[in-house]
Amino acid sequence: MMADKSLHEMFSFTLDMEKDNVVIPVCEDVAVEEAYREEYAFLSEKGIFTGKSGEVYTTLDAARKGVLIFIGLGKEKSVNLEQVRKAGFKAAQELSSNKVASACMMISKLSGLCYRETTKAWVEGMLQSAYTFDKYLAKKKNHTGLEMSFFIKEGKEDKVKSAIAETINLMDAVFLARDLVNEPAISLTPGSLAVIAEKELTSLGVEVEVLGRSSAAELGMAAFLAVAKGSSEEPKVIIMRYKGDKESQRLLGLVGKGVTYDSGGYSLKPKDSMVTMYDDMGGSAAVIGAMKALALNDVKRNVTAVVLATENMVNGEAYKPGDIIGSMAGKTIEILSTDAEGRLTLADALHYIITKEKVDEVVDIATLTGACVVALGEQMSGAFASDDELMKRVKNAAEKSAEPTWQLPLNEEYRELVKGTRSDLKNSGGRWGGAISAAAFLREFTGDTPWVHLDIAGTAYLTAGKGYLPKGATGTGVKTLYNLALETPESGCGCGEKN
Ligand code: BES
Ligand code: MN
Ligand code: ZN
């Protein structure tokens, strides 16, 4: 957890000072800066370091009383932003393992990439190296922090300065989401999630409204409350309103699944699948993180987010398989599995945000189905849409964020899977196509409002670290939802350069 020190305190990025230690990004097919040509010629001749992507070589620079860290980027034309992030991550790790707390680096223009986006990727990669969740360890990991100076072409400084600040804020929000997901359910309850959302967002000018069980009942959230019945923790409705653009009427809606613990209920999960089910509020962490990033960066957009937070537990009052429950939208639902609880909470959240908050379009994000993990692994999130244009914007935002998604179908035929016999709907469509039938269930609650559903069951929490992503919580969705809010039909990166 980063609670003791903020990212802004741990990292500084300036654009002027020369430092003793130098990071030298190298493309295998481009001449190295004059000053390091001799060292590089030696390394490449011996085949020690040739600038290939992923290579790193550190050497003492006696003359300058510092270290030189060569970082490989591969062939110049093929370098993309993700490789830059990875190189930044490697560079920061290498600096830290060499106990180096300050360094400088030249940021060069790469084919097809603008200075602004390239700088953001360097900064993000470096910041990615700073995350740990060590609050429950007696011996804390030692994060030293880093003072970086970038050299950049004259005239481009102002463009990258704001990009640096924006990226630190965004990563701060990603780390908040990770902390929320990594926190065990014994301390991260619906109540404490609501308190954290209030604490993190209110001071930034986001309006946060929290409702308890009785207000949820008054609103008619019968599906949500059925899930909550089995828990002694009071369920919470968390509504977050960010008004960054008072002149505009346009309102984006975000909904995040906020099941702070999923035991499966009476359709109890096998014991091993239950261990990590404190991560079942990954969707809510993503929307809270995105709201924080928007507010920190003063983004000129209007966004409202809703989280219906509850535990899915077992007690004498819990809902049961075979029950028929209502919903805020008025549709009745037969419970085939109390473990298909996420879609019940999302059904009411979607109906609420569309009818009461009057959003123009809505994206929900949820650790919804094991079937999605079977289909796409931990590499990609599943995406579903009722609207192609919104899907396109979500895909763009996800790609820009290096949070890959893969669209799965949602044809009319899949509706059959969730049609009820004793009731309007049933909450499980069975094993086959389980990620799709879950989406088909949600579709019944979104009407004509453009809607995209992201299933992050595989990507919110990793069983092993992957590149710059740590084992455990990834904070996936924060960057995508933030970039989605920024996205406009004609938006480029906004730096004014051709690319
Ligand atoms: N929270 C789970 C989905 C999940 C599985 C998240 C693995 C992260 C990792 C969800 O509530 C669930 O239990 N879904 C059921 C649905 C089924 C009963 C129709 C599932 O996927 O098995
Ligand atoms: Mn479940
Ligand atoms: Zn769940």
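Residue numbering: from 1, along the chain as shown.
Cβ atoms are placed via backbone N, Cα and C, with glycine included.
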Listed co-binder of Mn(2+) 2 (same site as Lys257, Asp262, Asp280, source TrEMBL) among Glu183, Glu341, Glu357, Glu361:
Glu341
CB < 6 Å to ligand 3, subset of recorded positions Lys257, Lys269, Arg343, seq order -> none
Close-lying recorded positions around ligand 2 among Lys257, Asp262, Lys269, Asp339, where CB distance stays under 6 Å:
Asp262, Asp339
Under 8 Å Cβ-Cβ from the domain 'Cytosol aminopeptidase' (337-344), and at least six residues away from its ends along the same chain, one finds 223-224, 226-227, 230, 257, 259, 262, 264-269, 280, 312, 318-321, 325, 327, 366-368, 427-428, 438, 441-442
What three-state class does DSSP give Asp262 (Mn(2+) 2 binding site)?
strand
Minimal Cβ count within 10 Å, across the binding-site residues Asp262, Asp280, Asp339, Glu341, points to Asp339
Output: those recorded positions from Lys257, Lys269, Arg343 whose CB lies less than 6 Å from an atom of ligand 1, in sequence order; none if no residue fits.
none
Does Lys269 (active site) have same-chain partners at least 6 apart in sequence with Cβ under 8 Å from its own Cβ, and which are they?
Asp262, Ser263, Met277, Asp339
So if I measure Cβ to Cβ from Lys257 (Mn(2+) 2 binding site) and keep only same-chain residues at least 6 apart in sequence, which ones fall under 8 Å?
Asp280, Met281, Gly282, Gly283, Ser284, Gly342, Thr345, Leu346, Asp364, Ile365, Ala366, Thr367, Leu368
